[in-house]
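Per TrEMBL, the features are:
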- 495-544: domain 'Cationic amino acid transporter C-terminal' (DOMAIN)
- 61-85: transmembrane segment (TRANSMEM)
- 91-111: transmembrane segment (TRANSMEM)
- 123-143: transmembrane segment (TRANSMEM)
- 209-231: transmembrane segment (TRANSMEM)
- 287-311: transmembrane segment (TRANSMEM)
- 331-354: transmembrane segment (TRANSMEM)
- 375-398: transmembrane segment (TRANSMEM)
- 404-426: transmembrane segment (TRANSMEM)
- 438-458: transmembrane segment (TRANSMEM)
- 464-485: transmembrane segment (TRANSMEM)
- 497-520: transmembrane segment (TRANSMEM)
- 526-542: transmembrane segment (TRANSMEM)
Amino acid sequence: MATIRSTPTNVSFSNYLQSLSQTPHRLRKRMLATWTPDQELNQVRLRSGADMMRKLKWYDLIALGIGGMLGVGVFVTTGLVAHEISGPSVFISYIIAGISALLSSLCYTEFSVQIPVAGGAFSYLRVTFGEFVGYFAGANILMEYVLSNAAVARTFTEYLCHAVGKNPNSWRFEVDGLVEGYNKLDFPAVALILLLTLCLCHSTKESSVLNLVMTVFHLIFFGFIIIAGFYKGSAKNLVEPGGLAPFGVKGILDGAAKVYFSYIGYDSVSTMAEEIRNPAKSLPVGIAGSVLIVTGLYCLVALSLCFLVPYNMIDKDASFSVAFQKIGWKWAGNVVGAGASLGIVASLLVAMLGQARYLCVIARARLVPSWLAKVNPSTGTPLNATLFLGLCTASIALFTELRIIVDIISISTLLVFYLVANALIYRRYVIVSHNPPSQTLLFLFLLSSCSIGFSMSWKLEEQWWVLPVFGGFMVTITAFFQYMVPSICQANEEWSVPFMPWPAVASIFLNVFLVTSLKIPSFQRFGIWACLITLFYVLYGVHSTYRAEEMEVGVGEVSHPSIQQSKLDIQLL
């Protein structure tokens, strides 16, 4: 077995300055450096020491996917979007976002079957487009997880207060002198995150069983909301005041971009790949199945909420509890508060499970300190990564309000899903089918350009004749690409996305379209984050990986040149 020597952690300041002077050379060597799937599955995984334990089955994955998504979407974004953006047509926003999530989930599924490692999108993009793209996506995924978990934990406080009949602000401490939006300290949210962190450090299987039990109760609770909403509510509330879509088609699409936050969670299932007994069969069922089930539940629950009260009377924070209280069912409001709290705990459990595995694999690649990659041999869990991210999430949950971070979560999620769809097309048509990369890269460039052109024309409400021009051109170039560039499926493939490249093309278009519907402050905050993570890569990541991969090759690697690193060969003919 190949041996891999650990990278020295004590590097003198003078050596670091010398490394910085070599930054341009190291960037050229590392930014497009890729690994093969075999290296990801074997060689890189050795850096964690002990292996993660394979105990999960397909039903565990469906429960993890459902548990990860349900508590986030309905209880965090539905009330806000219905009240301010989409109106009663919020259920249509969920359908659009669900279609986009399903298409993205198909792309994830093919990658996860072929590369069943815990790194998810980070690993998929690293083996396709190189180290920097994988790192950039991985950093955005981690930011998305940490922020969304913090937001969900604060929503837990809202619903728990309603369950016991208290005002949520009575459990928060307001601090004078702090900026508005960061001045209400939420200690119950912090306590919940720390408790779940300790649970996840203990065992993945036991955490999965806990999630399965909570998810079953959560589904029963969802059934109660749907039945009670349709029974006690009125269809009149769907059209009064202002009709089904008071904010127009634009409001529906803007709402879809917001509620996409609700679908964070299904990608957590792909990070469980190293802990699944039969990844090739269980992953497609777990990922796609959970997205379909959750999309149906989201639509029904959103409809039931709009049946109960007019959209302009929906509470933006604890929407379901307040809705039942307004129709005179105070006891139901308390039940909803308790049930929502349970669902939020389940979604937090799954999301925190996934975020630690992402960080563990990024640390294996030496893009962040290697101690975060260690797997505890007795529990089979990435202990250091779990503790570190738990503390980061708790710190943000203590200060930051939900409305500040929802938009930046959506833009990061959509960007990563967009990159994965592009990577699937490139991998299928270039790496697997051995076609010249220039054809596929030109197609992806034209496709993204048309998607941006269509989306910006829609957003700015420019001349409407431009829309069918961009749409028709996208369909034409996709059909031409499918006809001219052959796709060869590998003989050993057990699952692949059907009707390629159309599902991936649709995913690219929808992700671009939803991104452009977000507000300018979202892009400003994202731009700051993008600059920070790029600076970290230039100052730390590229030098760490250069030492690990270019300078300190293990003995086994030297004797086996067949597993040396490859480069993403982008040749424009």
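Placement of Cβ uses the backbone N, Cα and C atoms for every residue, glycine included.
Taking DSSP states H, G and I as helix and E and B as strand, the domain 'Cationic amino acid transporter C-terminal' (495-544) has 40 helix, 0 strand, 10 coil. The stretch from 91-111, 209-231, 375-398 with the most CB pairs below 8 A to the transmembrane segment (61-85) is 209-231. Averaged across the domain 'Cationic amino acid transporter C-terminal' (495-544), pLDDT for the predicted model comes to 87. The transmembrane segment (331-354) shares more Cβ pairs under 8 Å with 209-231 than with any other stretch in the list 209-231, 438-458, 497-520.
Fewer than three CB pairs closer than 8 A are found between the transmembrane segment (123-143) and the transmembrane segment (287-311), and contact between the two stretches is not assigned (pairs 6 or more residues apart). Remark: the transmembrane segment (438-458) contacts the transmembrane segment (497-520), by the rule of 3 or more CB pairs under 8 A. Comparison of 91-111, 209-231, 375-398 by number of C-beta pairs under 8 angstroms to the transmembrane segment (287-311) places 91-111 first.
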